[in-house]
Structures are given as C-alpha cells and as structure tokens.
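Everything on this sheet refers to the single structure shown next.
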Amino acid sequence: MKRRPFVTALGGGLTAGLAGCLTRDDTDEENGGETTDPEPDDPDLEGTLEVVTYESMLDGETPAGPWLKDEFESTYPDAELEWTLLPDQGINHYISRASRGGTIDPDVYLGLNVDDLVTVDDNLDDGGLFRELNLDRIERSDRIRDGLDMGDPHGRVLAYDTGYISLVYDETAVDEPETFEDLLDPAYEDALIAQNAQTSDPGQAFLLWTIDAFGEDGYLEYWADLADNGVRVLDDWTESYYGAYMNEERPMIVSYSTDQVFASAEGNDLSRHQTAFLNDQGYANPEGMAIFEGADEVDLAYEFVDFALSNAAQAEIAERNVQFPAVADEHVDLDDEFDQYAHEPPEAVTIGYEDLRGNLDGWVDDWARDFASQ
Amino acid sequence: MVCVGFRELLDRSSRESVNSAESAESAAVVESADSASSADRSTDEHPATKGPPDSASPLSSRVRTWLERHALALTALCTAAVLVVMLYVPTGIVFVNAVLENGRPTLAHIAGVLTDPFYVGVLADVFADPLAIGAHLRSLTGWVSAISVSLTVAFSVPIPAVDVTVPIPWFALSVPPVRQGLFGFTAVQAALSTVASVAIGLPAAYILANYEFYGRRTLRSLTILPFVLPGIMVAVGFYAMFGRTGTLNSVLGAAGIGPFAFIETSPLAVVILAHAFYNAPLVARVTVAAWESVDVRAVETARSLGASKRRAFRDIVVPQLAPAVLTGALLTFIFTFMTFPIVLALGGLQLATVEVWIYDRIQNLDYADAATLAVLETLLSLGLTYAYLRYESARSGLSQAASAPPTEPLFPDLRTALSPRRLAIAGYGLLALVLFVGPIASLVVGSVTDGGGFTLRNYAFLLERQLAGEQYQALPWPAIRNSILFGLATLAIAVPMGVVISVLTVRAGRSGTLVDTLAMLPLAVSGVVFGIGLLQGLVFGLPLPGGWRLQVTGPIAIIVAHAVAAYPFVTRNVSPLLVNLNSAMVESARALGASRFRALLDIELPLVASGIVAGAAFAFAISIGEFSSTVILASGNGSYTMPVAVERYLGRRSGPAIAMGTLLLAVTAASFVVIDRVGGRYEL
C-alpha cells in the first residue's frame, strides 16, 4: 500500500487542518479475484494490521477492543493492531468505495452481519468485497458451534460471537408470554414495544423472527393483528429501552437475552428484567469477521481471525461485549455471574443468507409501508 | 501533486486583490477626491485608530481603500465559492439520481413517487391523470359535503381525591378520512408544530423584551440551548420527564394526582411538544432580536398624536415584529417538515415522515428514490421560503434607530405581582419550566442516578476515559475542545457570509429574492442527503479530468460545512431587521461619499447588532449540534466533537452517553452566555 504513507506525508505537510486535496487514483490494481489463500510456508507476521469495527467494541464502557489489541500484540510481537472506527454508513461505506474503484484501507472487518453480506452481494459482484477464507489456515474454526454458520456460499465470514433477541418483560405487570399468538391476547393489549426494522438491528431481527414463524405470506397479517393489539414501533433500541421501557410506559419490549447482565450491574430490580423466549426460541444475530479482498496483511489477518476464536479471546469478547461466545462450551470458560444473568434460548432461529438474498429489502419495505400508512 | 487548502485560497484571493488594486492605480486618479474624502471621514470617526499619515504609505492606503470598496463583493465571491464546493456540488451529485437513469434523463422516478398513494395520498390520482378535472372536482365536492365539525371529549383527567372525571376537549378533527400519504402527514404535523412553536415562543419573546428581572440576559442567552441537544437526548429526556414514572408524574403524584400516560395517550401531541421544545426557542430568539431593535420613538410620536397604547402597538410595533415572527414560523415549518429521529423515537413508526423514508432508501443504497423524495422536499421548502421572502423584501422600513422599548420590572411589588398580566406571566413561566427545563433537568438527574440511587460512576467513566483512554477512543476533553474551536471558527465564517447575503438581497427586488431563496438551500436540503453528498463528493473525491480527484476532508472542511449549515440563521436573523431600516439613511451616507461597505459598517450593522448577535449564537449552536457532516468529514480519529462522543459512548448502558450529554449542555450553556455578553457590547 503506497497510498497511505503518501497521504500522511501530504497531510503533515499542510499545517493544522488538511482541507482540500487533489490525489491521483492508484493505478496498480490489486489482484483481488483469487479464490483461496494457500497456506504460506513462511507467513509474514510483521507489520500493522488494520481492523475496522463498530463503536461499542472500542468506546463502550468495558470495550473488548483494547484487550484484543494488547493480547494480539503480545502474541505477535512484530505486529501492531490498529483499530479503525466503522464509518457512519457501516458496510455501505465500503460498498460505495468498492463500486467506485476506490481503495479500502482496513484488512479485517469485525462485526459483520449476515444481512451486510446480502447487501454486499446485492450491490457488488457476487462474493465480492471480502476474501473467501481458507479454513485450513484457521485451526480453531471447527470450534464454532453448529447453528452459527452464517451460511455464506462464498465462505467469506466466520462468527465470533452471537446475541439472541428475545422479549424482556415486567413480571409484576404481565405474565410471561409463551408464543407469538399470546401477544395478540387482550392481556397484552398496548403492552409491547418493538423497534423500527428499517433502522434498528433488534427491530429487524424481531421482524425476521416473525417471518420465520409465520412465513413470508403470513407475517404481515400477524403484524396487522399485533397493531390491532396496540404494539408500538419506536425508532432505535436505546430510546425505546432507556426512554419508553425504563420509564414504564409499557411492560414489555423487544430486547436482548443478556438484559439481566446490565440490569444487575445497574442495581435494578430484576422483576422488570425477565426474559421471555417466544415458542422457546430466540432469534440469533451472529456477528462475524471477514478479511477484505485487498488486504495488505493477509497472513496477520488470518492469525487475527484464529486468535479471536481462542479460549481467552472468546471469554473476553463475550463478557466485555455482553454477547455469547461463538465456540462450543468446552472451548471457553465464562464467569459464573455471566452464566447466571445471560440467558440462552432453548432453540436458536435465524434466517440465513440464501433466504435473505433478494428478499430482505422487500420484506422490510412491505412491513414498514403497511405500518406507516395506518 | 497540488493541494489547495482553504487558507491558501484565501491568501490567493487577497493576493489577487492586491494585484487588481495596483492595476486600478491609474483609475484611482479619477476617484481621488472621493477616496480622499472617505479617508478623511475615517480619520474623523476613528481618531484613536488612525495609523501613520496617508502620505507615508500611499499604496497601502490605496489597497485599504480598494479593499473597502470591494469588501462586499469579495466576501460575496468567497461565499459563492464555499457554497459551490461545500453545498451545491455535494447536493447536486445526489439530486441528479432523481432525474437520471443509467446516464439518461428521465422523469420516471418523480412520476413514480407522485402517483404512489403511499407518498402523496389522494393526490396520487390527480398526478396520475391531471386532465380528468371533472372527476377530481366531483370527488372533492363529495368529500367537502361530508365534513362535519364537532368538538369531541377525547381526554379526561381522573382526580382520585374527589373521585370525579374532568373532561378536557382535545383537538380531534372529525372529517371524512383522507389518505394524506407520507407528504401529507409530514406537512400536517409540521403545520401543527409550527403553530405550537409560535404560540409558545411569542410569550417568551414578549417577556424577555419588555420586562426586567434578575437573570434576564442570561436567560436570553440560554433560550437556544435546546437547539444543540442530540435527538437521542431529547427523546430520553422527554420520556424521563413525561413518562409514566417520569419527573412530572412524580411531582403530580406527590400532590395526589395521576399518574398520567401523557405519551401513550397522544403520541402526536408529544411529538408536537418535542418539536416546540426545539423550535419555540428559535421563534422567541428571532423575535426578541427584532423587538430589541424596534424604533419606539415612532410609538411615542403616535402616542403624542393621540393613539391609544394598543393602537400604537398594533400600528407601529407589530409591523416591525411581523417579519421576525414569520421568519421563526418559516424556519420551524421547514425543520419540522424534515424532522427525523424525534418523531419515530417518541411517536413510533405510525408517525413516519418523508425524511424517515429518505434515510431508509439511502440505507438500501436506493439513491434514485431517496433523491426523488429529497428533491420534492427541497422544492416544497424553497417554494415556501420564496413566498415568504417576496413578502419580506416588499416591505420598506422607516426605522432610523434601534431604541428598544423600555423594560419594566417584572415583580416590583406584591400588588403588581398579583395583577392578571403578571399572573399570566407566572403561569407561562410554569409551563416553560415543565416543557423546557423539565426534560433537561430530568436528563441531568438521570446522569447521576441508577437503580441503586445516587451515583457518580458515569462521570467516573468520563474521567477515567480522559486519563487512561487510548488514542483510538473518544476522550471527553478533545471533544469539548474541538466543539468550541469549530464553533468559534464557524461563527467567524458564518457571520460575514450571512450578513453579506442579507445586505445584497434585502432590497434587490425579485432577483435578490431569488438569490436569497437559493441561499437558504442548506435549510431546505434533507440532512441525510447532504451527508451522503459530502461522502460521495468530497470524501471519496470528485473525479476531475486526467485521473485527478478533488478530496476535501479534515477539520477545515468540517468548519466550512458547519458554516454552510449555519449562515442561513445569520441571514434570517439580520434580514428582518434590515428591512425595517429606513433606506434613506444608507442613501444619504452614500451621497456623502461613503463606500457601500463603510455605510454598512457604520450605519446598518450597529442598528441590527441584536440580530447579528442572535445569528452568531445560532451559528455557534448549529456547529455544536451538528453530527453527520462532522463524522463524515473527519479524517482519522482526531476531529470528533461532543455530540459525536455522546454517540460513541452509547452502548447497552446509556449512562456514560447521558453524562457526556450533560457535559455538552454545561459547556454550551457557558459558551452562549459568553457569546451574548461579548456580542452585547456591540449592541446599542
């Protein structure tokens, strides 16, 4: 990568603020088309690995990012891990960049969802943006639990943790709902808060969960019934949870099954933080990692992916990020407190890549139009 | 490699002006009498600042004279250049998606939106077949004849102590259902929000401009504080205040009433109140500025000629305030028309607006639909702006001095304090306390409490992050420092930009109105679209011939983007005051040999200083509150501001973010007071 040091030098040449710039497009094309990365005889474990990830991995209260950086750098003394904050547009930022033939600086993307991959493939060439991973180079990849296979036909992504969407309810106000049909009962009239599937991850997960339960022909009807029973669809998880739910506007909300971890840390009464798994299910939202097609530090990137699946890293990611590990139980040791408050559903459901592909936008749009024009 | 910094650009323009000044030397002979007289005058007026004798440096004096003569034109040129690069190009490259399909012009997208009942409601039929006038008229008359007006009791207050229910009439219209569509609903809620904001903002302006009380100046400085609050903070603050277990219900509960489900009962009413929370202060601030520059000597004249107090107010003061009030209403309508996170956060998806759909389409990389919706939104906003500006520019003022009405003490003694007018003011004060102070205070309380009661852990988090944070994390102090620096720099750029546009357009007839309308584009463009335009245009780079690319990022780009968003507030605060001025004063000064710039500096600006100070405060506020252009243009990790830090601390626990938000409020409040005090020195 010749561009980065050049831009830095240019930036340093200007005084305090780099304002306007004319740069020349890179002319040397990276050969990003190869299918697998063969195991090198002499891997290059020296250099700076640039990893892009979302805010709470770096800036949250107990972020996993700093631990991962320190531990990775002490495992690979010649390597440096450089964090990059995911731009505001998320994956769309890199899709736009790639479709304009611009260069992409980071080597690894940490925090990729299945629907991100669908968006990539809907807008770029099939299987684009990230490398197809050679799993022989990632020894720990077979530790990943069944059901967290993210279903990418191009094998670009591996899960490193997962969350489950469930309902959180106030047991002093309502009984535990057991099925989706229960939510239509008069006992739950004006009781549920959900989030907008257009803008919010839990909101979209809950919508997909209802599609899994009622099929793409039945979910709109179910939602019409939910609307009749007074469901309120707010914007983001934060406002709906810390605004509406915590000020007791309503006794039930679509949220995460790790809710009690935070509630107990806040010193809240847990009676308002009960977890309900409808149909004994939770909707799994696995988070994955992938290596960019044009990565400079391919060898280090492979090492990082394997490192993130190690016993210690899995425990730290899970507890700091308050998500569940991606590896099977025998490969990770979690604190008892985490086990006590983080609840796993008896059955995890998720709609995989194949079904989302070409459908996701339409499903969400049909639902939102129905809802907004009521 | 060429790299053109903004600073260099400025350098070059001033260099060029020097060159032209030299080439203009021969022409200067003709004007020598003129320039000598203007030099004399400046000597008269500023004896203390008089430099070395003119004969010692004739060139620099000529340069100064030339600069003075062309200062307005130069500022206007710079303004135009900034607008082209930072506004028209980024907006344009997104907007073209509305009328292009694979590089070919098309109207299919616009036709698609205009004939979709989801977007435009019943008007879809009209757009689909505009010539079937008869059919449209028939359905219209059918609808009108079905209207019946009735007042319904939709909301009742149970008072448990005495066990009665007091019915309260609620504004519920009973007209036959009309499919409003997304645009229709967006316009309706914007209109209601505008009415509410004006109704709540005007009494505040009246009190602040006419009464003297302890802390009046500070209160005036703080009026626009709500303006800088990130949407998430307002949403959480409103729930914390008006929620079922919120502050208001706790207070009422202590008095034995309630609890009430304010938000659940009428989400629309709460959304409108939240819009008033943002915009009533805007109406108030713009109106106060106008009120303080009213020429009350005319009132005295009218009174001496026998007009009653009421009559003098109606005929003299109201016409001088009207442009400001209408400006406030116009801005409120445009803002609430493009409202985004707050409607969904408080009202839910049923109250979705056009902007929600633009955001959604952008997320899905469907630029054609997003651009089409945004273009329609902008056309509507600009149309309204043009209509208002036609009205504003058609006015001619007679004001010759800013002699604000004398203020009287608010509560001089008990007897006055119990008069109906004072009681009404006290009642309004209570309302303002609930609506404006309530949500903010509830936020602050929320930042120091958790399930176990009082806690300082959120502030401990900020301190720890400051002391031990990593370079790739957001730290509180750099966020505060960047916010203040960007804010001040924005103010320094936006005030001249805004003033120059005011001056050039206020009395320039129809063409002036047109320029002024186009200059209001930053307010009329969807924030989501502007952000994506900055990203695709300036961050990814604009392709130029020869494989070159123009990229504009970094702190200076952020400041200029903030200034572009902010200068319309300066213009809209200054223009209503400028039109009130008697144009004969400027003409006399020009006839006596003053350059246009000199007349502006010495005559007009001092008379509209209160508008400039208000505009400057708005410019600062816009910069502090701006989120999306800041994160998009920041290159690397160095340029984050306070609202960005709030967003970055927002994890599954909201405490740290709310503590940072409280810090944002405190810093901004202090800055406003300082700006108003410093600016106040220049007010008459």
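Using the three backbone atoms N, Cα and C, a Cβ is placed for every residue, glycine included.
TrEMBL annotations: computationally assigned, not manually curated.
TrEMBL lists B:12-59 with the feature region 'Disordered'.
Here TrEMBL flags B:16-40 as compositional bias 'Low complexity'.
Within the chain, the transmembrane segment (B:71-100) has long-range Cβ neighbours (under 8 A, six or more residues past its boundaries) at 9-10, 13, 17, 106-107, 109-110, 367-368, 370-372, 374-375, 378, 493, 496-497, 500-501, 503-504, 519, 521-522, 525, 529-530, 532-534, 536-538, 542, 552, 557, 560-561, 563-564, 567, 596-597, 600. Feature annotation from TrEMBL assigns transmembrane segment to B:71-100 (among others).
According to TrEMBL, the feature transmembrane segment maps to B:106-128 (among others).
The transmembrane segment feature in TrEMBL is assigned to B:140-162 (among others).
Per TrEMBL, the feature transmembrane segment maps to B:182-209 (among others).
The domain 'ABC transmembrane type-1' annotation in TrEMBL covers B:183-388 (among others).
The list of residues near the transmembrane segment (B:221-242) in space but at least 6 beyond its ends in sequence, with Cβ under 8 angstroms from a Cβ of it, reads 204, 208, 248-249, 262-263, 270, 273-274, 277-278, 281-282, 284-285, 288, 340-342, 345-346, 434, 436, 438-443, 445-446, 617-618, 621-622, 624-625, 627, 643, 646-647, 650, 654, 657-658, 661, 664-665, 668-669, 672-673, 675-677. TrEMBL lists B:221-242 (among others) with the feature transmembrane segment.
The transmembrane segment feature in TrEMBL is assigned to B:254-278 (among others). Tertiary proximity for the transmembrane segment (B:254-278) is limited to same-chain residues at least six positions away from its ends with a CB under 8 Å from its CB atoms, namely 155, 157, 159-161, 170, 189, 192-193, 196-197, 200-201, 226-227, 234-235, 238-239, 242-245, 248, 332, 335-336, 339, 342-343, 346-348, 350-351, 435-436, 439.
The transmembrane segment annotation in TrEMBL covers B:321-347 (among others).
Per TrEMBL, the feature transmembrane segment maps to B:367-389 (among others).
The transmembrane segment annotation in TrEMBL covers B:425-448 (among others).
The domain 'ABC transmembrane type-1' feature in TrEMBL is assigned to B:480-675 (among others).
Here TrEMBL flags B:518-540 (among others) as transmembrane segment. Within the chain, the transmembrane segment (B:518-540) has long-range Cβ neighbours (under 8 A, six or more residues past its boundaries) at 83, 85-95, 331, 334-335, 338, 340, 355, 358-359, 362, 367, 370-371, 373-374, 377-378, 381-382, 385, 501, 505, 550-553, 557, 561, 564-565, 567-568, 571-572, 628-629, 632-633.
What TrEMBL records for B:552-570 (among others) is transmembrane segment.
What TrEMBL records for B:654-675 (among others) is transmembrane segment. Within its own chain, the transmembrane segment (B:654-675) has Cβ neighbours under 8 Å at 218, 221-222, 224-225, 228-230, 232-233, 236, 440, 443-444, 446-447, 450, 457-459, 461-462, 476, 479-480, 483-484, 487, 491, 613, 616-617, 620-621, 624, 642-643, 645-647, counting only residues six or more beyond its boundaries.
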Among B:106-128, B:367-389, B:425-448, B:552-570, stretch most in contact with the transmembrane segment (B:321-347) (C-beta, under 8 angstroms):
B:367-389
Chain residues outside the transmembrane segment (B:552-570) and at least six past its termini with a C-beta under 8 angstroms from it:
5-7, 79, 82-83, 85-87, 331, 482, 486-487, 489-491, 493-495, 497-499, 501-502, 519-520, 522-523, 534, 538-539, 612, 615-616, 618-620, 622-623, 626, 629-630, 633-635, 638-639
Which range out of B:106-128, B:182-209, B:367-389 gives the transmembrane segment (B:425-448) the most CB pairs under 8 Å?
B:182-209
